[in-house]
């Protein structure tokens, strides 16, 4: 049940005896910890819950050395954001705590991000931040505070199912849906999580903030990865893993050496501009894209756009939160919809599981696939679709037969493009 439901009586309970958070007691007896980032969304969540009579406690996480990020727009969990969260809490008259999670954030999020990027992957730190920090460590803190539930400002929904558990769903506002970043949420975590904004559109939330008089009502939305103040991921990698930056060759998929690079961390799979190759190519005016990054050999492999097409992805770290279990899957696979980039809509595909191997076959060619990114499973491609889980892409298989494109390649090893890509650097959506 969503906040403000017309089924809720004056007592704060619906006709089934549940409050708007699905708990069997009045709001005044329900303690809710709200993860307050200092942004509009989580501030509105805290304000709405307070207005409905819940006992609200605000908690803000200090996740990194935020000194250089104070007053910097487009980030979260920075110095100014902590001040904004505190100011909103003061407005609402609720307790507010700031927790220093810098060490664990570096250990669980920043260091793995740097290691993954150095291997030629395109990692998503927001997934591990949610699953390892917000929905794990913060959970423990919420329980220590005696909270009944933990509420966040994510644009997703969770609903009670007939079997007594809770399921995760995409938000009503597809343009703001954040379920891609929450696929690693476990069933146990869903039991205690609440997402009050799941059935609201962002313009409505911002209008609510203005009506509530919140000081952050017109604050800009977060866009960047919070711990990359300059917006350059390579700066973080060079600082944390200086030995990982090794110069090498830029090769065409047909084996020709086209130039040299100063480190694979400066390239993104699917990148077209800034390759430093001038007008070279297999043919006159042929656009070249980064097809594969081989960090072990310090090679950047480029080729035509057609080489980016992918039909199969192999997965690691799979989390299943759908009905039943993966072990019960039919040998022909499960027909689902999958999302391989945060900025694209889900596409049809088939999920397969055999022994320890899990993979997805796309029904259509997909160009925007990069190892390290997530492949998230959905029941359908509509708003409010149920999230079935997901995993991290470990490798992909090309939709093209490379040997047909290049019948006599000088170096067949280069054509084994088991890591495919995106046409442009994947946009980093806020998590």
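Using N, Cα and C of the backbone, Cβ positions are placed for all residues, glycine too.
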Matching residue for the ATP site, where Swiss-Prot names 35, 36, 37, 38, 39, 40, 41, 42, 61 - out of 153, 164, 165:
153
Out of 382-406, 407-431, which range is noted as region 'Disordered' by Swiss-Prot?
407-431
Would you identify the secondary structure of residue 61 (ATP binding site) according to DSSP, in three states?
strand
Residue 37 (ATP binding site) and residue 226 (disulfide bond), Cα-Cα, nearest whole angstrom:
11
So among the recorded positions 37, 373, who's got the most Cβ atoms within 10 Å?
37
Taking Cα atoms as reference points, which of the recorded positions 129, 154, 373 is nearest to residue 35 (ATP binding site)?
154
Between residue 129 (disulfide bond) and residue 373 (site 'Interaction with tRNA'), the C-alpha gap once rounded to whole angstrom:
14
Please work out the number of neighbouring Cβ atoms within 10 Å of the Cβ of residue 129 (disulfide bond), leaving out its own Cβ.
26
In Å, rounded, how far does the Cα of residue 39 (ATP binding site) sit from the Cα of residue 154 (site 'Interaction with tRNA')?
11
